[in-house]
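Encoded as structure tokens, the structure appears first; notes follow it.
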Amino acid sequence: MDNLGRVWLEIDLDAVTHNIKTIRRIAGKNSEIMAVVKANAYGHDAIEISRVALESGATWLGVGALEEGIILRKAGIEAPILVLGLTPEDQIDPLLFYDLVPTICDLQTVKALSQAVVKYKKNARIHIMIDTGMRRLGIKSEGALDFIKRVKKMNNIEIEGLYTHFAAADEEDKSYTKLQFAQYKRVVNELEKEDIHVPLKHMANSAAILDLPYTYLDIVRPGITIYGLFPLPLAKRTIKLKPVAKFKTKIIFIKKVGTGESIGYGRAYTTIKETTVATLPVGYADGYPRLLSDRGEVLVRGRRAPIIGRICMDLCMIDVTNIPGVQVGEEVVLWGRQEGKNISVEEIAEKTGTINYEIICMVDKPRVSKVFIKKGKPFKVKSLIEDV
């Protein structure tokens, strides 16, 4: 395809299929899969990823905000969608109109739902979040029984799900996660003693799926593992995942620079010998971290080339002196594999002092095209100019 643009994310949908099926095999037949596609599927395109995830065995989708769920509905996706964030009262009507399932943490929202759903002539399905230790959202576990009993008395409300979120499941020390699990189970036991049975119980995120099978329950919620990456820092890599994305660009300009010449803003880099400098049309406005200035590397012809000088808003420079014959128009991999060599997302994260989650989300920019791959070939491009 010729319309890739200046910088693009190459997304292998067959890798998504592999990862979902791998998670399906691990989770077993008794747990449904909720594919977490919030933040535009961690920067990978929620619509395309959702379609493939559902085709591959997921039965639920999880989004971070109401707007994300509406985008999926408008794309024709009919699977149940849980909004993992909170929905303000003034957004309840679109939530019901688009048949999205809200996370509930307070009675006022339930009351508003109970009233608003009347015109739809159905019950409002809800998932109640229990705070077992994250201290971010949710009803505190010690008050959960009373809260749920009050919700049960409200008209037009169906408590479909009960869930929690782990704070440290990706750490080697699992003691806090076990404490959270115990608090959640205590709430469930209290409910069952009151003859209150919630159909869908869930807690297992990517890290728990990898390492804590007792947390699987009715649904598991893989996020970053869908995209072929592992949660940090110490989650066990017990399964074979395939990275879904590669971040790519092309060389747009090449010049030879003499010894002792400075490169780029602030004259931050000075050559120590005659140097062949290639300019790339990618910068921090495209989600390529400025912190990689003078320390990052890219792949050209399967060989590493160092970034020299400061990464600019739209451009950066690399040293290709040791890669003879490089030409304008050649493909460059910013992260991902090329000719058997790899620059991992984790390497980029480590060099910039962050986590792999942030690196992949950073490149979800309007001017970064997305190229979708099936069976090893591009079949669709989404770009700022057009969708093909």
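Even glycines carry a Cβ here, placed using N, Cα and C.
Here the structure is a predicted model, which means the values were calculated and not measured.
Here's what TrEMBL has on this protein:
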MOD_RES   Lys38  N6-(pyridoxal phosphate)lysine
BINDING   Arg136, Met313  substrate binding site
DOMAIN    244-373  domain 'Alanine racemase C-terminal'
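Distribution of TrEMBL features across the structure.
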residue	record	Cβ within 10 Å
Lys38	N6-(pyridoxal phosphate)lysine	19
Arg136	substrate binding site	10
Met313	substrate binding site	11
(Q) Between the Cα atoms of Met313 (substrate binding site) and the residue listed as 'N6-(pyridoxal phosphate)lysine', what distance do you get, rounded to the nearest Å? (A) 27
Q. What is the interatomic distance between the Cα atoms of the residue listed as 'N6-(pyridoxal phosphate)lysine' and Arg136 (substrate binding site), given in whole Å?
A. 17
Q: Across the whole of the domain 'Alanine racemase C-terminal' (244-373), what does the mean pLDDT come to? Round it, please.
A: 98
Q. Within the domain 'Alanine racemase C-terminal' (244-373), how many residues are helix, strand or coil going by DSSP?
A. 24 helix, 51 strand, 55 coil
Q: May I ask you to report the DSSP-based helix, strand or coil state of the residue listed as 'N6-(pyridoxal phosphate)lysine'?
A: helix
